Amino acid sequence: MKWRSTTVVCVRRNDSVVMISDGQVTYGNTILKGNAKKVRKMGDGNVLAGFAGSVADAMALFDRFEAKYREWGGNLLKAAVELAKDWRTDRVLRRLEAMLLVADKKYTFIVSGTGEVIQPEDDIASIGSGSPYAIAAGKALLRHTDLSAKEIALEAIKIASEICIYTNDNFTIEEL
């Protein structure tokens, strides 16, 4: 059996940064939980972080990321790069099956176990199985509306939850 993913979306607009996720945990073809919290604030409330993938793996990565963030004096880019380097080279970490989406007031990054640290071109980023749908909806709303970051993030993940069977409509929202 395989753990299935989720959807986490981050939207930036004006001075607002919003991260939202669904709450579904799926194992094989069974929904185990519908209200999991997959986004949280860290770094004294200055960073938003969300995960897709194995919960235990993501918790380990959250802890390591927060340690790197503190080690590098609140430098989000340096913390993300250093975590990605460790993740790629450490034998134990390499086996972790998760992705992180992290953001502060200045940057948004997707961090993967293959050593990737990706800064999205637009003001929206997403990870997980519903990402393509959320990104498409979010980009359209960013381009053609004056909605707030929170409204765009919420609508983007709602649309993803209507299409992706591994994404439900029980959302957790964090905002900077």
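Cβ atoms here come from the backbone N, Cα and C positions, even for glycine.
Swiss-Prot lists Thr6 with the feature active site, giving sequence analysis as the kind of evidence. Sequence-distant neighbours of Thr6 (active site) (same chain, 6+ apart, CB under 8 A from its CB) are Ser21, Asp22, Gln24, Val25, Lys38, Ala52, Gly128, Ser129, Gly130, Tyr166, Thr167. For the recorded site, Thr6 (active site), the DSSP three-state label reads coil.
DSSP classifies Ser161 (Na(+) binding site) as helix under the three-state reduction. In the structure as shown, the Cβ atom of Ser161 (Na(+) binding site) sits within 10 Å of 21 other Cβ atoms. Summarising the annotation, Swiss-Prot assigns Na(+) binding site to Ser161, Cys164, Thr167 and lists sequence analysis as the type of evidence.
When Cβ atoms from all protein chains are considered, those within 10 Å of Thr167 (Na(+) binding site) total 30, not counting its own. If you draw a 10 Å sphere around the CB of Cys164 (Na(+) binding site), it holds 23 other CB atoms from the protein chains shown. Compute the center of the Cβ atoms of Ser161, Cys164, Thr167, which mark the site for Na(+); besides them, the chain residues with Cβ within 8 Å of that center are Thr7, Asp22, Gln24, Ser129, Gly130, Tyr133, Ile157, Ala160, Glu162, Ile163, Ile165, Tyr166, Asn168, Asp169.
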